[in-house]
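Okay, structure first, notes after.
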């Protein structure tokens, strides 16, 4: 008997994948967690029935949420990841030699635990001595931080359940306070096909807080529509004004200096969402 998984991404649209086997399933204190092995995308993490990451295409998301802000900042030393319990963002952050400390704050320790077990190529850097892993509420962690981080990345789930407050204006105001005077933050902000209001509202909220605010995109096959947005807010450094000499060699599969620049070239319908 064949086993197929379908993520219903809207009421009329979804993505379906053939499953080899279920690796782990558990109702944590915060969400339904499933690890499955797929035929096409390798091992896959699902939270509340939604695809979070897969072994085959994870590099796109993790490279784009990290390298864009890290190359924009001239000397990032202390970096915070809110969410991101799979460890992929941490893996990419540590490719930057200037980084002295990377802090990861995820509310659900089970995501961290089972990512280490079933997604070892993604979670491979979580034991690095430069990494401080905290199982805690990212919203509260931000509220208790001030002038501490060079770069903050919000690697959250969809805006439902415990992650909903990570898409609110008050959270972005807290991030601004938690950043140093030339700090940068980036958040994944869903897709512009099915969640246009979210993309628009987050961008406008961030723009009212950060003097430099931009939106960029990446192509991620297993995410809704395959087109994903990231909103970046910066106090001083413009991601479109990065000097060519700042780009150093990092081992990537998607991100390049050309991709860095091209990601900010938006289709007209996405530009219109930001007006």
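Including glycine, each Cβ sits where the backbone N, Cα and C put it.
Record features, source Swiss-Prot:
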- 155: active site, proton acceptor (ACT_SITE)
- 31, 106, 137, 138, 162: S-methyl-5'-thioadenosine binding site (BINDING)
- 62, 86, 155, 156, 157, 158: spermidine binding site (BINDING)
- 2-235: domain 'PABS' (DOMAIN)
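Put simply, residue 157 (spermidine binding site) is 11 Å from residue 31 (S-methyl-5'-thioadenosine binding site) when counted between their Cα atoms. Within 10 Å of the Cβ of residue 62 (spermidine binding site) there are 26 other Cβ atoms, across all protein chains. Considering only the binding-site residues 106, 137, 138, residue 62 (spermidine binding site) has 106 as its nearest partner by CA-CA distance. Cα separation, residue 106 (S-methyl-5'-thioadenosine binding site) to residue 156 (spermidine binding site), rounded: 9 Å.
Cα spacing between residue 137 (S-methyl-5'-thioadenosine binding site) and residue 156 (spermidine binding site): 12 Å, rounded to the nearest whole number.
The residue listed as 'active site, proton acceptor' falls within a strand segment according to DSSP.
For residue 156 (spermidine binding site), other Cβ atoms within 10 Å of its Cβ number 22. Cα spacing between residue 138 (S-methyl-5'-thioadenosine binding site) and residue 157 (spermidine binding site): 12 Å, rounded to the nearest whole number.
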